[in-house]
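**Student:** Checked TrEMBL, it gives:
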TRANSMEM  C:26-50  transmembrane segment
DOMAIN    C:26-433  domain 'Ammonium transporter AmtB-like'
TRANSMEM  C:62-83  transmembrane segment
TRANSMEM  C:103-125  transmembrane segment
TRANSMEM  C:132-149  transmembrane segment
TRANSMEM  C:180-202  transmembrane segment
TRANSMEM  C:223-244  transmembrane segment
TRANSMEM  C:256-276  transmembrane segment
TRANSMEM  C:288-307  transmembrane segment
TRANSMEM  C:313-333  transmembrane segment
TRANSMEM  C:345-363  transmembrane segment
TRANSMEM  C:383-406  transmembrane segment
């Protein structure tokens, strides 16, 4: 976002034609719409990672998230981040008042990014957090904590953006914090807040053994949703990293946009593969599953954010490789510390973000420590360190206070019984998959091959109305079944039909064969 | 779409460079692709809102929708809407004949929008409508009903677009209908057709109590799909509202595109929050769930369509707030009128669309009644009223005739038995979630903590072939189970294994503990 | 992609302003991000088409696919395809070394397309393929097989791209292979590799009757995922076909981008409808379901890729109509040949791709055989035939060798027991839908109407902790149930509660009615 000056600091767009200015705006808007896919992606990911009893709760959170962020960022967040003010905070354009009309594209882009920071946290506190707590922390993060950090690093007024002048080899050089697409500004903020949220909230009931404190498996209800989430997130990340150039009217903009995307692919791929290998060979002693690879690729995308505009592709591969260590170590550490993070958000965003922020100090071609260990590269590392430590300290202190207050006032965690039974029914108006919405009135005939090679058929079906009309309490004759298989049928009226096959199997009247097995799980149809 | 003239009426693009004309086309195409996400979004939303027995039917409808719209709009719709003709209808460019090649982008954009109008209806008639009826009404709406409305309001030839000249303060002023992104043109059309569709079709069996006529709960099978749908729809709406500028080559285009998006976020957010509050405190006496918040945000997006290009952000918040009333009242009214709308499409699109169309007459900064109650603002209200009433009347009459004819000819509603049992098996080739596609051959060992604090394990699993090979009718010894827990096992051959624990619990051989509970729901694996 | 020269062959962009060059890059990047939606779409489609026991496996494959392609295409694929070299292969820019920074957008676009070719295959070999085989073939296809084909047809150095000069009517005319968006280059490659993959791998266990060899139904676990996949794929295809223009800076670029999209809609729609009719009237004797329509629309998109830039809309409709025959015949043929393709990838991509490649020779307005049967149109057909046959031969030979080697070395297919039980548990770390992640601790009260018209209620619920605390082995009194219905309850401690209603029904204490039916399927909640 270092090129953001052309938009933020220089609204007159000197030297640009009106058409070029419009195309800058259109680029920002198009990328913002694609970045908005990250909201879908995180929603899929988080939904898949919770148990079915808490699905409505996470859905409510993800649906409201963009709206909480919209209101918070509009009313105060943008003013704190990009309004006129000092190096630490801005204080005009509250509620977009007096914002020039050509800045709305920039505002919208920044809003979309701000909403990402708070979405990260909702995964870490899933399955036990009160909705009111969610609304509060989401507002505070997108309205205050995150905007201040982006003030420092991305606003042309910010102290990390301005940096400092040094005399190096008899010439004056400005060294400053560089974070192109927010490994530190977005992801370390989200990861730090996730850490303190999960820490203060405590683990889910049953996540760790009450005595031995060993972790017990607590898997999400749908790997499908979680994995599809990552595929959608991938597009959002590519748009985020390319879009961070924030301009298409300066020569070379296109080069950086595309370099950023290529680096993102390479870092994510490398981290995904290495995570796969780490877990397949069992280095960290945790059983593996697809979620590790999903999260590994995600952390590779997080880490490359800082340097995707300037690192060469081979360096992006190194970034991804180190991220595999950083991500998996952080995940392992959380597990050892008994911090329960249902979606591994801390490992992905903190583990990936912190390393990513530092990575350019080592891997930049011209000024990286790897190739040029000198005073200048040391200063760069110093500024990256100063930036990331300030971000962690700021976010950590404020989020600890916020989550601590929520805990003390009793608004943070749902009562134990509700957590145990699930949040959806008492808090969110019902389960995500209501039992009465399933089943149908037809008998499904499932072909099966008998041991003598004959093709037979068994049936699974449900009671339907025509059957109900002729039934009452007691043994029941199911015409559709009886026609095919001669067998006694016991019946729980109105609802459930249990077919017990005779000991010698059932006669299949269609082909005269004895069908050696049969089950008929009849369930009630919705009226 | 008021700027559409630059593309529709002025194909020569005077004053634009060829490159600028190309960028206009590329902008239209890019936004159209993102608007196409609304088809995905509506599909997710509608799928989630139906019961599992009708999922295949709604999927077929959503998959075919874009294609019905494509063919209908290509053959006749576009000609009626944008061909040369009079103020009410056009009549050339049927099947894109003689359409200049630089108008295809415009055609494609309009097609994508047209397909949205008919998609709205499929939700309102879900779970009981015949497929042939769907194909017919979808063709009629995208081929005729909607194109005529867009002729009036968006074609430079249309009577609502042309408006009328008035003498105000001694100067001639043209007042006309304004509907930037279609609260009236798209959503009120879809909402009105939905109303008459649902009214003439009648409620689903069992939706209302046969005697008391009280509504009975009839929830969709997956809140997850429905909620993910809204997140995808959100992106589509942002593209729709921004893309309605339809040009990037005029100075200021970028400003309006981004203002439209910001207003969309604020209106949707406000309406979602107020809907949440209305239902949490129970004003309308209906039990709440996540779907209300989902639909509330959607109706906020619908209502802001008309004025998102000119309202100031604070006005967008008011639009959203009033929409919360309008949407929830319409939903409540449908419920009182015994009109069964499985996805609340009428409340969202009619309730949101009608208010949205009128909103600018009150809330426009320069000419709104709220700030300037005078002759001019009265005329603006008059034109907005004339527009929305004409749209409702036109759509209402034609869709009543169409749905009435479908009903009379018996093509509208599936037979009662099929509705009761579900449409998927007899009409759509099978269930969406076939029972024989579920289950696997492995025993899942689920850890559990005993009351004495010991970690134990119980198993859920399925029969597999190797087990089947050694079994026959009668008591069965399941080796995997027996190895772990010593217990009697009764067995329904080939298919289902029911494990009954002894009264004193089962000995867990691994740790010598008595495991006080055990169930083993073995199901058949697919061959 | 015929206009690709302006980017590939002419990096200096003579005659273009730097801003125009940037906009070309931005267009490529934006379309590439939308094409990346095809990865999501294919993932949804393939996940829906497999059984639940193999869902984790297909998810792992789809998540890794973009990353395999990224690494393979970056290291070698791009060099083979677009590096300097001869007519058949290129050999510089390995690992993007020495690639000018303004070519990265082009590289990224090509990478996204390359990853599509290998994704196609993963559907055809689903449910039985080893992961290592997947990684190998995916790398080989995106790193070598596909790049060579794109070298021939899309690189300015390629023999199919260069074509040959002929004397026609005393003037020199260059005739060459035309394949705008890859019916041959992408889809025939994917389809051919799918064919040999599925052939060499053999059908899934139980797909065909062991004696009669008749196919047995083997449906996917979620039509919802599969259908939603097609809606996402549709957007990706539109971006692919429009984006293949690869430039926005030449006059007329916008016209071709939009014509391509319109043709894509018309071809897909026609093919979907005809497929619906073919299966509804049962021409091919296979039972129909929604998947045929989904795949029919997809094959219509595949076939139009070659000519979407030059065919007139009526010709696109003919392309779609013939594709319906080509797709359904290929599907029928695979079924007769006992080649098991779980997602019908061969029928879609080979059946659609081969016909699509040839279609322009017949249907081009100026030079198509349909309107002008002469020497020139014959030569065009000849070149299209030469192209598609070369592609099939190249892909067929190499993929046969590759899949053959994988088979011989035993890395291709999972062991029989694992296939039977499902790949997820032993190979991919667990099931996609773990049983212990489902259920909750609340009793769901489901209203039902009694035969006397009274509204009653039955309950489905799960054991919860408070109940567990008071229970032990033996009959159990469930307070929530007892309060409502007076009935005996038998209890399997800790886990499952089975409620057996008395013969005369249960007294509903709330309204004094006898509730004639009752079931209470209590399942264990996760701790």
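Cβ atoms here come from the backbone N, Cα and C positions, even for glycine.
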**Student:** Hey, which of C:132-149, C:223-244, C:256-276, C:383-406 has the most Cβ-Cβ pairs under 8 Å against the transmembrane segment (C:313-333)?
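**Tutor:** Answer, by Cβ pair count: C:256-276.
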**Student:** Do the transmembrane segment (C:383-406) and the transmembrane segment (C:132-149) share at least 3 Cβ pairs under 8 Å, sequence separation 6 or more?
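**Tutor:** The answer is yes, given that the two segments have at least 3 Cβ pairs within the 8 Å cut-off.
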**Student:** In the same chain, who gets a Cβ under 8 Å from the transmembrane segment (C:256-276) while lying at least 6 residues past its ends?
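**Tutor:** 180-181, 234, 237-238, 241-245, 248, 292-293, 295-301, 303-304, 307-309, 311, 313, 316-317, 319-321, 323-325, 327-328.
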**Student:** Between the transmembrane segment (C:223-244) and the transmembrane segment (C:132-149), do 3 or more CB pairs sit under 8 angstroms, pairs being 6 or more residues apart?
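**Tutor:** Counting Cβ pairs under 8 Å, fewer than 3, so no.
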**Student:** Okay, the transmembrane segment (C:180-202) and the transmembrane segment (C:288-307): do they have at least three CB pairs under 8 Å, pairs separated by 6 or more?
**Tutor:** yes
**Student:** So what's the average pLDDT for the domain 'Ammonium transporter AmtB-like' (C:26-433)?
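**Tutor:** Its mean pLDDT is 93.
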**Student:** Which range wins on Cβ pairs under 8 Å with the transmembrane segment (C:103-125): C:26-50, C:62-83, C:180-202, C:223-244?
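**Tutor:** Looking at each of C:26-50, C:62-83, C:180-202, C:223-244 in turn, the most contacts to the transmembrane segment (C:103-125) are made by C:26-50.
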**Student:** Check the transmembrane segment (C:180-202) against the transmembrane segment (C:223-244) for contact, please; criterion is three or more CB pairs under 8 Å, pairs 6 or more apart in sequence.
**Tutor:** yes
